[in-house]
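What Swiss-Prot says about this one:
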- 1-8: topological domain 'Cytoplasmic' (TOPO_DOM)
- 9-29: transmembrane segment (TRANSMEM)
- 30-175: topological domain 'Periplasmic' (TOPO_DOM)
- C84, C87, H88, M150: heme c binding site (BINDING)
Amino acid sequence: MSGKELNKIVAAILFASLIAMMVGFVANILYKPTLELQHRGYSVAVQESSENQNTTALEQAPVNIPELMKTANADNGREIAKKCLMCHSLDKDGPNKLGPHLWDVTGRPKASIADYKYSPALSKLGGVWDDDSLFAFLHKPSSYAPGTKMSFAGISKPQDIADVILFLKTYVHDK
């Protein structure tokens, strides 16, 4: 095959492509397709879940923590706190995992475990872990300490938070 024949073949392919493109443009001009967006399938109306309603109610209404603590259930708190054990240990002087151990956390100064590197957000808070601070932190860690390393979204139901706090107070000390 000579160079002239190869040039003819390439020119024919390019010319055919150009003709096909031009035919497409002309057809679009003549027929002016309507580009009305049509919805495919069906849409589902989503109602706000009760969990979201509880979260917004907790953020809007003041919560009486001492009253919740009177009705708290440590056994329910134990079940809810199983989520915590993925990142925390409950053993006395237990190993730090992704988070520090939670032995005797109630009443302990914040960011006080020496061999754990806390985020700057939590390190500069100061104070001790009392019912109020634990409640706020467990409800929404990112709101209580913006910039915290803790990626847990929080516990939405106030009674569940009180149950976990009671569990942390009683179960750990009895071990």
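Any Cβ shown, glycine's included, is placed from N, Cα and C.
The topological domain 'Cytoplasmic' (1-8): residue composition by secondary structure is 6 helix, 0 strand, 2 coil, according to DSSP. Across the annotated binding residues for heme c (C84, C87, H88, M150), the two most widely spaced Cα atoms sit 11 Å apart.
The heme c site is set by C84, C87, H88, M150; from the centre of their CB atoms, other residues of the chain with a CB within 8 Å are K83, L85, M86, K97, L98, G99, L102, F152.
Per-site Cβ counts within 10 Å over the binding-site residues C87, M150 peak at M150. On the 0 to 100 pLDDT scale, the topological domain 'Periplasmic' (30-175) averages 82 in the predicted structure.
For H88 (heme c binding site), applying a Cβ distance below 8 Å and a minimum sequence separation of six or more within one chain yields K97, L98, G99, P100, H101, L102. The 10 Å shell around the Cβ of C84 (heme c binding site) contains 18 further Cβ atoms across the protein chains shown. In the three-state DSSP scheme, C84 (heme c binding site) falls into the helix class.
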